[in-house]
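Below: the structure, in structure tokens.
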Amino acid sequence: MDNDGGAPPPPPTLVVEEPKKAEIRGVAFKELFRFADGLDYVLMGIGSVGAFVHGCSLPLFLRFFADLVNSFGSNSNNVEKMMEEVLKYALYFLVVGAAIWASSWAEISCWMWSGERQTTKMRIKYLEAALNQDIQFFDTEVRTSDVVFAINTDAVMVQDAISEKLGNFIHYMATFVSGFIVGFTAVWQLALVTLAVVPLIAVIGGIHTTTLSKLSNKSQESLSQAGNIVEQTVVQIRVVMAFVGESRASQAYSSALKIAQKLGYKTGLAKGMGLGATYFVVFCCYALLLWYGGYLVRHHLTNGGLAIATMFAVMIGGLALGQSAPSMAAFAKAKVAAAKIFRIIDHKPTIERNSESGVELDSVTGLVELKNVDFSYPSRPDVKILNNFCLSVPAGKTIALVGSSGSGKSTVVSLIERFYDPNSGQVLLDGQDLKTLKLRWLRQQIGLVSQEPALFATSIKENILLGRPDADQVEIEEAARVANAHSFIIKLPDGFDTQVGERGLQLSGGQKQRIAIARAMLKNPAILLLDEATSALDSESEKLVQEALDRFMIGRTTLIIAHRLSTIRKADLVAVLQQGSVSEIGTHDELFSKGENGVYAKLIKMQEAAHETAMSNARKSSARPSSARNSVSSPIMTRNSSYGRSPYSRRLSDFSTSDFSLSIDASSYPNYRNEKLAFKDQANSFWRLAKMNSPEWKYALLGSVGSVICGSLSAFFAYVLSAVLSVYYNPDHEYMIKQIDKYCYLLIGLSSAALVFNTLQHSFWDIVGENLTKRVREKMLSAVLKNEMAWFDQEENESARIAARLALDANNVRSAIGDRISVIVQNTALMLVACTAGFVLQWRLALVLVAVFPVVVAATVLQKMFMTGFSGDLEAAHAKGTQLAGEAIANVRTVAAFNSEAKIVRLYTANLEPPLKRCFWKGQIAGSGYGVAQFCLYASYALGLWYASWLVKHGISDFSKTIRVFMVLMVSANGAAETLTLAPDFIKGGQAMRSVFELLDRKTEIEPDDPDTTPVPDRLRGEVELKHIDFSYPSRPDIQIFRDLSLRARAGKTLALVGPSGCGKSSVISLIQRFYEPSSGRVMIDGKDIRKYNLKAIRKHIAIVPQEPCLFGTTIYENIAYGHECATEAEIIQAATLASAHKFISALPEGYKTYVGERGVQLSGGQKQRIAIARALVRKAEIMLLDEATSALDAESERSVQEALDQACSGRTSIVVAHRLSTIRNAHVIAVIDDGKVAEQGSHSHLLKNHPDGIYARMIQLQRFTHTQVIGMTSGSSSRVKEDDA
């Protein structure tokens, strides 16, 4: 076969590839509210009224203000009447303030709660719809990280748009409209002129929004990609650490962030130019209005008060249109985010899970038939898996499927479960096509135990209950007893309530598999599908479970995928699959009797040859007859047992606090979310972030210049308008014309400055913000990857949460620090300019107005305090739901097989209830706090105007000065209020800063790259020794794994570890890789304590082949190259050839460039394992750690790969965890681990000779017994099988 199975790409970085996606178009705006119910419409109605009244209040206030100006102007000779009028209008101001108090409460509380209610329903519907999709949808369309991203980030975007931003939009549009109404009723000519320029503002706003929407869409895609890299890295953290891939993960993450960063720069420029253009048009419009207003006053068509009312109203209305732009940008983002969510919700699966159509059979006899089935996986339609496939499983009988890895055995199981429909042909149950049967009913009749025991991060009891949710405790315990799980469960501190951790990692593979079997038994199905059901069990457990399965199978139609003879010895029929069709079918005896002409017989001969070799070695030193394999029996054809046991999984060592109970205990959330951030800490964190941002000081300086000038423009603008007001009352028309012309030119100058400096402000502050975000995210990932393994074992550091934390914390920090500082600088400049002008013109009035500012500040700070308490743990509560959703999608086949969709959705719904309740109270308090602050503001206006009239009455000041001071300071007070309404962002930013620095400051228990350690020589001898090791996993110190364990692997020799499931074999491998530190004792390499070496450097001399082949979602080439980043193409092909992988890779349409899918789902288990072996071989390390390295391979591959491994391990120190004797027959030393220490140690022959009644001998006896039974079945058919081969 041609050697180039697709030209491989250049050397690897961990870039996660994915199928190209079409650009997503946003949904219609009204579609955002598709989950609103009656109460939501009521809330939105009240919220809209509140927002409308709130928005109208300012133009109404301006109308009163204009009337007051006229009172000043027309009553200058009658001070008593003037005081009376002013007092009346001051009371009107208080009424407006009270209206704002009530309306802002209604606006904020109703929109906030309605938004949370609607998005809660949307999240639930999304998960429901995602779980309702057929399996092919997850193969081709959606990754787990997409679901996590949608539920986390996209849903938050939609919520932001349909709550706060929509309230703001109605508020600003009400201001805009009411401003024009006030204008038209005051001076319609002036208002009409203004109306002529509004379309121009709208066009600019439209272009601005469209541009931001496109950029936002692209940015979200690149951030989603970055999040996927983080999630894959953390999920496979053991592989990343073992192969020293931390820097590669960081580089890949950095590359993905760079794309988002550049898009962020463009967004800043677009935002600045859009806002600048809006202000340019608005200011030019007012220049025109001032000139035209003067014309109308001179011609006695209006007076100064009405003219100024129109201008003020139009000014506020026009600015409100600009202020609505961020809301429009949020709508654009939300429409795109909603499109992604609704695409899943609206997607009709090809195979409808919840359809009520289809029949339910009265009784099931269990005849299963596949007739002329052709099938290709939707993700690879050009690769045919089944070709004119025919198979009949008689009712109540057991059929075993054997065949090479990738021959289609698991595909048959998938078709019977109706995860897929065949391309052509039929799958029948009792003569009925599966397509005509009700799907939920069909799956209720089928019990599935797959080779990958998928457990959820809940209790053992809840995991078993997935089989039948209405079962009682007695039935649960009985199922566990029959599955040989009861004995180990009751020894656990929490028994059946023990938490199994994310993906069941708290349990050994064998323990997980027994729980999966108990789950299937509880279902009591008519048809049983066993896909390598006992592959992850040690000899003793396998024998007990197999006996339980044998009892369980009686009277049920059973289809077994297996590679061990013991597993299939009692099958009524054996079907041999080859190249997508059944090449042989018959009983074991019939197939074996074909001899040389039969595929099955050849396979058994191959196995027997392996036994012969093992036995001849054993017989040289021991006359004692023994079974020749360390597993219960010999494999016939290896199938994917790849997920049978996590090679690195902790052995019942720490139990996650994750909890599927319906109540959420706030105390279980990370403390940093609940604690209030002390001001000192916050200030300290702020300065640290500022230092982190120091390379951008030039950009920050230029951005600040933009902010200062943009802020000052507002004060100048107010001054120009108040100056014109006094000019309007001047009787000298020539003077009026000259002054108005001067101020109009000044306004045109201000409009040009607004265009330039808005662009400057937003462009440069966005560069500062984007660089900070990228830097914070990179540092956070580096800090995450420096932590020791025990940190990753904690529930709050689960992969989806870390990905979300990197995304949200960095964003919140950027929001608070980058975006908001720009606004603060702008408003500070505004206040300074305004206060200076006020004090210069009339210091007494300025002093009174400035004196009431603290009241406003106090009111807003009160709101800030309440916001802290109520926003604290919302993110954590959502994180729990997000984790559950991610697990459900990752294990979607298990969820589907057990009809558990409704249960998962119920648990998810329960997780969303607490944040919903808290959001209600948060809205009440935030709304009231904001209302109080606004009321105080208007009360201060009333006080200021009353005092101004008092000053005029007593001759201390005149009308012209007081009105200028009042207007300039009124504008600055609005700026102060706007600054303080940013409090929620600073609270989020403060919490995020705490979270960021908590992560960055954490001192790892095991430093991976300590410069003070001893350098590792270029070549090691490779001697490994564990001396007097005591060990417990850090999270459960009360469960001791090892007690005074001592082991030694001599340089260049092979040490095999055997023992019952859960005895700590894989813990030895974890200690050698220094994932954990022993409680006492030492792990030595070449006679030196491993702690003295640089950890990353020593790991470069160790290669691992885990039983669970963890692959990254990239190409085959890059997965192999992950073993050695400098490997050449020739070395990669050589490693693949040695691992028996080159042939199947070359046969794929894209060869080495084939995308393997998330966690390698596009490949069979055997194929994944061979790639994992190639990855280890390309490393050329002195120490090889093989954890069931060949367990997932078929007989032919196993033999060639075992030879390759023997050859590769030659001269290298090898530590092998194995169940099969063929894997360890040549081991120099076999160590039997039991009860936390080495119970027996020596070569195979030594153990049998010196410990005839020992544990190892008993295991051999057990295998001998089962194997003899199998051989007994074949002896009638073939004289070539020797008796002593058993």
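Placed from the backbone N, Cα and C atoms, the Cβ positions cover glycine too.
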Looking at Swiss-Prot, which one out of ASP67, ASP134, ASP139 binds ATP 1 in the same site as TYR377, SER379, ARG380, GLY408, LYS409, SER410, THR411?
ASP139
For the ATP 2 site that Swiss-Prot assigns to TYR1033, ARG1036, GLY1064, LYS1065, SER1066, which of ASP741, ASP766, ASP793 is also named?
ASP793
Of the residues named as ATP 2 binders, ASP793, TYR1033, ARG1036, GLY1064, LYS1065, SER1066, how far apart in Å are the Cα atoms of the most distant pair?
19
Given the transmembrane segment (821-843), which of the listed stretches 42-62, 93-113, 166-186, 301-321, 745-765 has the most Cβ pairs that are under 8 Å apart from it?
745-765
Based on Cα distances to TYR1033 (ATP 2 binding site), point out the closest of the recorded positions ASP139, SER379, LYS409, ASN797, TYR941.
ASN797
Go through the chain and flag residues at least 6 beyond the ends of the transmembrane segment (705-725) whose CB is under 8 A from any CB in it; none is fine as an answer.
69, 272, 279, 283, 286, 290, 293-294, 304, 308, 311-312, 315, 739-740, 743, 746-747, 750, 753-754, 757-762, 764-765, 822-823, 825-830, 833-834, 837, 963-964, 966-968, 970-972, 975
By Cα-Cα distance, the member of recorded positions ASN217, ASP793, ARG1036, GLY1064, SER1066 nearest THR411 (ATP 1 binding site):
SER1066
Long-range CB partners for the transmembrane segment (187-207) (under 8 A, at least six residues beyond its ends), listed in sequence order, are 180, 274, 277-278, 281-282, 284-285, 288-289, 292-293, 296, 301-302, 306-307, 309-311, 314, 318, 321-322, 324-325, 328
Given 42-62, 277-297, 745-765, the one sharing the most C-beta pairs under 8 Å with the transmembrane segment (166-186) is 42-62
Other CB atoms, at most 10 A from the CB of LYS409 (ATP 1 binding site)
27
The number of other Cβ atoms within 10 Å of the Cβ of ASP793 (ATP 2 binding site), counted over all protein chains shown, is 23
What number of additional C-beta atoms lies within 10 angstroms of the C-beta atom of ASN771 (N-linked glycosylation site)?
20
Whole-number Å distance between the CA of LYS409 (ATP 1 binding site) and the CA of SER1066 (ATP 2 binding site)?
29
